[in-house]
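**Q** Here's the feature list from TrEMBL:
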- 1-208: domain 'Plant heme peroxidase family profile' (DOMAIN)
- Gly30: Ca(2+) 1 binding site (BINDING)
- His137: heme b binding site (BINDING)
- Ser138: Ca(2+) 2 binding site (BINDING)
- 221-240: region 'Disordered' (REGION)
- 231-240: compositional bias 'Low complexity' (COMPBIAS)
- 270-310: region 'Disordered' (REGION)
- 270-286: compositional bias 'Low complexity' (COMPBIAS)
- 287-302: compositional bias 'Pro residues' (COMPBIAS)
Amino acid sequence: MQSIFVQNFSQNQALAPMCLHAAFHDCWNGCNGALFMPEEIDRPENAGLPPLKPYLMPFTSQFPCISIADLINSCAVTALKFLNGPDVPVYYGRLDRNVPDPTGLIPEPTMSLSALINAFSAIGFSKEDVVTLSGAHSVGVCHGIPMCPGHNTSFGNHYYQELIEGDLSGKLPTDVELLEDNTMRSLVQQYANDNSQFFSDFSRVFGKYISRIHCNQTSTGPCPLDDIGNSTTSTSTSSVTSSVIPVVASPSSSFPSSSSPIIIGSPIVISSSSSSSSSTSSSESFPPVPPISGPFSNPPSNPGGSVLSV
Ligand code: HEM
Ligand SMILES: [Ca+2]
């Protein structure tokens, strides 16, 4: 399955960042696959993610034992590696729920720094972790605008270097706010200087993040926020714990690197680039890979490099 992902990532460069983004959203309230429920995927907070659903869902027919939550996370760690990022240990055995997560939990890009820190703190992540995880914005786009113009097909510390240098093109308000707090700014500086420290921290923190499952996970019923733990601290006696099979996703170093920029339609773009956004089917016979539809068809324009208004 991971080799199919890689092929598809090569064919459509929008896909890999989208998988990483999707793992962030699905796992906020516990990785449970509910992201793809109609009630969730079309929420404004999930803007940019709907095209991933028709891409990933056919895998569930071909690989019926994998949950949607595991599929999203497998896609995410494979994407990270494809984008030249670090290996992240990923454990499989997450169960899907058929109840959408509550709305309004995922951090807003315009929220204050203190609100952002509090939101992550409520799910067990420190303000340093916020700095680390935000480095995912070294890849991908916001409303079609590259978040790190010129570099955003490769995961790395250029995100932190741009913040330190005041190159805020494509950055979100929450990205820029990382500079407001001394402790966080200091970590931004460290990462800007040391990519291997960033990789090692990201692997650890993101690995923890995508291990968060509901302790008493069942396929139905309400699931309060405080019912979430990670796979090592879970108090669950359910099959979730016993079915978790440790698998380290460490795709080989033969992953192709992204050589051309992401070309995605957008109202505003910082750098100009050529067009190659079409998604085509994998040369393997399964699973069927439907063409990605969505905001990918318009050529980018480039009116200027300021912090994104979202
Ligand atoms: C700190 C709080 C965060 C906020 C407020 C935030 C917000 C956003 C927003 C508004 C977008 C643009 C979505 C769109 O319009 O297409 C975005 C994109 C993205 N986010 Fe975040 N994000 C946060 C943290 C994270 C984390 C922790 C990760 C993963 C570890 C992540 C991964 C991504 C990726 C990869 C994209 C690019 C998606 C694409 O190219 O399709 N973000 N984020
Ligand atoms: Ca979820």
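Just so it is clear, glycine is given a Cβ too, placed from its N, Cα and C backbone atoms.
Whatever TrEMBL says is automated annotation, not expert-curated.
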**Q** For His137 (heme b binding site) and the residue listed as 'Ca(2+) 1 binding site', determine the Cα separation and express it in whole Å.
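**A** Here the two Cα atoms lie 21 Å apart.
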**Q** Counting every protein chain present, what is the number of Cβ atoms, excluding its own, within 10 Å of the Cβ of Gly30 (Ca(2+) 1 binding site)?
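**A** 25, counting other Cβ atoms within 10 Å of Gly30 (Ca(2+) 1 binding site).
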**Q** Residues with Cβ closer than 8 Å to the Cβ of Ser138 (Ca(2+) 2 binding site), same chain and 6+ apart in sequence?
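**A** Expected: Met147, Cys148, His151, Asn152, Ser154, Phe155, Gly156, Asn157, His158, Tyr159.
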**Q** What three-state secondary structure does DSSP assign to Gly30 (Ca(2+) 1 binding site)?
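**A** In the DSSP reduction, Gly30 (Ca(2+) 1 binding site) maps to coil.
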